[in-house]
Each structure stands twice: as C-alpha cells, then as structure tokens.
Amino acid sequence: MSAKLFRLDAGYQQYDWGKIGSSSAVAQYAANSDPSVQIEEDKPYAELWMGTHHKVPSRHHDTKVALSDLIAANPEGMLGSGNVEKFHSRKDLPFLFKVLSIEKVLSIQAHPDKNLGRRLHIQDPKNYPDDNHKPEMAIAISDFEGFCGFKPLEELAEELQRIPEFRSLVGEDIAAQFCAGIKVGAQEGSEEDKSNRKLLQSVFSNVMNASDDVIASHARHLVERAKQSPADFNNETLPALILRLNEQFPEDVGLFCGCLMLNHCVLKAGESIFLRAKDPHAYITGDIIECMAASDNVVRAGFTPKFKDVKNLVEMLTYSYDSVEDQKMKLLPFARSSGSGDSILYNPPIEEFAVLQTNFHGSTGTHHFDGLDGPSIVITTNGSGYIQSGDVRLKAEAGYVFFIAPHAEVDLQTEDSNFTTYRAFVEPN
C-alpha cells in the first residue's frame with residue numbers, strides 16, 4: 001500500500017453510558033460514513049475508535065484490510081523510522097483516537113503509568129488487558145461536564161467543615177488532621193506538598209474503604225441535604241449535580257469521592273483538558289474528541305457496577321490538587337499550515353500524540369499542511385469538503401476518517417463554511 005492518504009472505517013462501542021440513538025455524535029458519524037449502519041433509537045452509542053488497538057481496529061475503507069496489517073507491511077513508510085525506533089512497534093500507532101458521546105456519568109477512574117501498567121497486566125490480565133500507560137486529552141465538541149483531578153485542598157477542607165456526613169464518612173480525626181494540617185500554596189515537590197498529598201490520600205482512602213452499608217447511609221443524608229439545604233455546600237452547582245448523579249447511581253461512593261472531592265469541570269466546544277496517568281477523573285455528559293496513549297487499562301473508583309480495585313487505586317494516585325484552570329490545555333497556533341481558516345494545536349506534555357483542530361470559521365478555500373514526521377488520523381466532525389495529498393483527492397463529510405502517512409503534504413478544501421476536522425499525529429521529536 002503506497003498511498004500516502006486513504007480513508008478508514010472506524011468501529012464503535014455501545015457502552016451503557018453512551019447517548020441514545022441519533023442524539024449521539026458517535027451514531028451520527030458511524031451512520032454517515034457507513035450506509036450499512038442503521039441507528040437503533042433505543043440503543044446507546046458511546047465511542048468511535050480510530051487506530052490500531054486490537055479491540056476495535058480501524059480498516060482501509062476500500063480493501064477492508066486492518067490498518068495494523070498495512071503498517072506491518074511497511075513500518076518505516078507508514079509510521080516513520082523515528083517512531084518505529086522510539087515506540088518499538090512495527091504495526092501499531094502509539095495513540096488511540098476516539099469520539100465519545102456521553103449521556104450518563106462514566107466510572108470515576110484513573111489509569112496506571114507505564115511501570116504500574118506492566119505490573120498490573122502481568123498480575124491480572126483480565127482486568128488490565130494492556131501493559132501501557134494511558135494519559136488522555138479531551139477536547140469538547142459540544143458542551144461538556146466532567147470530573148478532573150482533586151479539588152484545591154482549601155476547597156476540600158471547607159467541604160469537610162460544611163458537610164457533617166462527609167466528615168463522618170472520612171472520620172472525625174482524619175478530617176480534623178486534614179483541615180489543620182494542609183499548607184495552601186505549597187511549592188510542588190516540597191516537603192509541605194508531600195505532606196499535603198499524604199493527608200489527601202488519608203481522606204480518599206477512608207472514603208474508598210468504607211463499607212457499602214456505611215456509604216449508603218451517609219449518601220442518603222448527603223442527598224437529603226442537597227434537596228433540603230443546598231446553601232450548606234460551598235459551590236452552588238454541587239447540590240443539583242449530586243441529585244442528578246444519585247439518580248444514575250443511587251447511594252454510590254462516587255457522590256463523595258467524585259462530587260465532593262474532585263473538580264467539576266465545564267468546557268465549551270474547543271476547550272480541552274489533559275488528564276495525566278494516575279489522576280482521577282470521570283466524564284459526566286457531552287460529546288468530546290479524545291486522544292490517549294494506546295491502552296485500555298482502567299482502575300475504577302465509583303459510579304460503576306464493574307470491578308473496583310480500591311487497593312491499587314489508593315496506592316497509585318499522584319494526589320495532585322490543581323484547579324480546573326490549571327488542567328486546561330493552552331491552545332497554540334500551528335506554524336506548519338497556512339491558507340483559509342486556521343489550525344489550533346493541542347500539545348500535551350507527553351510523547352505519544354498531539355491533536356490539530358482545523359476550522360474554516362465561515363470562510364471558504366484551502367488550508368495547506370506541510371508534511372509531518374509521523375502518521376496522522378483525521379476525522380471530519382462538521383460540514384463537508386475534500387482532503388487531498390498529491391493526486392489523491394477524497395470527499396470528507398462528518399464522520400469520515402482518514403490515514404495520512406509521514407511526510408505527506410495535505411490540503412483541506414472546504415465545500416461549506418462549517419467544515420471542521422481533528423487530526424491526531426505523532427512525531428519522534
């Protein structure tokens with residue numbers, strides 16, 4: 001396969017938390033790109049997977065050959081020699097690109113780093129199917145809500161002081177030690193910061209290790225407080241959030257370890273957060289583009305009927321306590337493109353991927369990209385146009401997915417002013 005540009009077929013997952021029927025961007029993209037997909041209006045459509053992960057592998061649109069097999073036939077040409085050497089694979093992309101459409105809260109979860117991922121995979125391959133880490137970046141394509149990382153410690157201390165059932169669940173002694181012992185403004189890596197993290201770990205550990213009966217009884221009090229005394233909470237959005245998530249997962253530990261302990265993050269379309277390995281998070285509602293290191297490892301904490309690995313979770317977390325604003329991605333102009341519209345770079349502090357958003361903002365014309373030193377996957381999320389490299393010119397509509405080989409110069413040509421694409425890529429340097 002010598003083509004530098006070709007269309008891919010992407011598979012989808014129908015997890016229970018996905019948006020239902022044609023309200024789901026995943027369903028819309030799947031049906032628009034594949035006429036054989038008939039949307040079932042009573043079924044959830046949760047994730048569209050784009051990449052080489054064996055669970056849902058992407059395939060060449062015309063030949064139906066798996067992308068991983070095409071790469072294996074020409075690793076240097078399809079990945080670039082630098083990426084083959086760096087990521088030690090001759091058939092797989094180092095990233096997994098997704099669209100998520102979220103109706104119900106996902107499990108509060110964290111992902112292991114590389115060392116822990118390898119150890120967990122050896123010890124428990126059923127629950128940890130990969131040996132890799134899984135840092136993630138989420139870019140909102142509609143209004144989005146999620147939990148991202150632990151709240152700043154002073155907010156958590158105020159919550160403990162205001163909410164008796166939270167204090168009781170944590171334990172009065174541990175709660176008092178936390179409120180008296182935290183040092184606000186501690187420099188990262190300092191002894192004060194290390195002490196802060198240990199105090200936070202004690203609070204989280206006590207919540208996560210409480211019995212189901214104890215959690216349920218405390219959750220009933222918390223829900224009643226949210227109904228009857230919303231002013232008791234230090235954030236006016238919390239009571240409604242607690243009531244909403246309690247309807248989805250009644251009396252769940254997530255009401256404490258999520259609603260009370262994690263940042264409630266709200267993003268508008270185009271805004272983005274980066275979620276490091278070993279930081280707790282959960283998506284609540286909305287449609288997002290997600291990119292991650294190629295792994296499917298999850299350590300769950302709450303809002304889930306699935307396996308919860310409390311011991312590993314409590315031990316593995318970083319216990320960082322940054323604000324939402326500190327976790328939002330800084331959007332950068334992309335210097336290696338030109339023409340109509342613009343391209344914004346989302347560049348997280350990891351090696352496996354970066355993402356470009358190209359939007360024509362009501363204009364028409366062509367946007368040109370210089371060749372990149374690695375492979376890319378592109379999805380059209382809105383509007384229509386064409387994608388071209390050399391003599392290959394392909395129609396691009398919402399849900400259409402493409403592979404671009406290293407060093408291929410590419411033009412996006414808009415047919416309407418809403419034409420928007422996202423492009424995940426990796427370069428060795």
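Every residue, even glycine, has its Cβ placed from backbone N, Cα and C.
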Per Swiss-Prot, what member of Glu76, Glu85, Glu136, Glu251 joins Gln109, His111, His281 in binding Zn(2+) at one site? Glu136
State which of the following recorded positions has the fewest other Cβ atoms within 10 Å around its Cβ: His111, His281, Arg300. Arg300
Within 10 Å of Arg300 (active site), Cα to Cα, which of the binding-site residues Gln109, His111, Glu136 are there? Gln109, His111
Far apart in sequence but close in space: which same-chain residues, 6 or more away, have a Cβ under 8 Å from Glu136 (Zn(2+) binding site)? His111, Phe274, Leu275, His281, Glu290, Cys291, Met292
What DSSP gives for His111 (Zn(2+) binding site), in three states, is coil
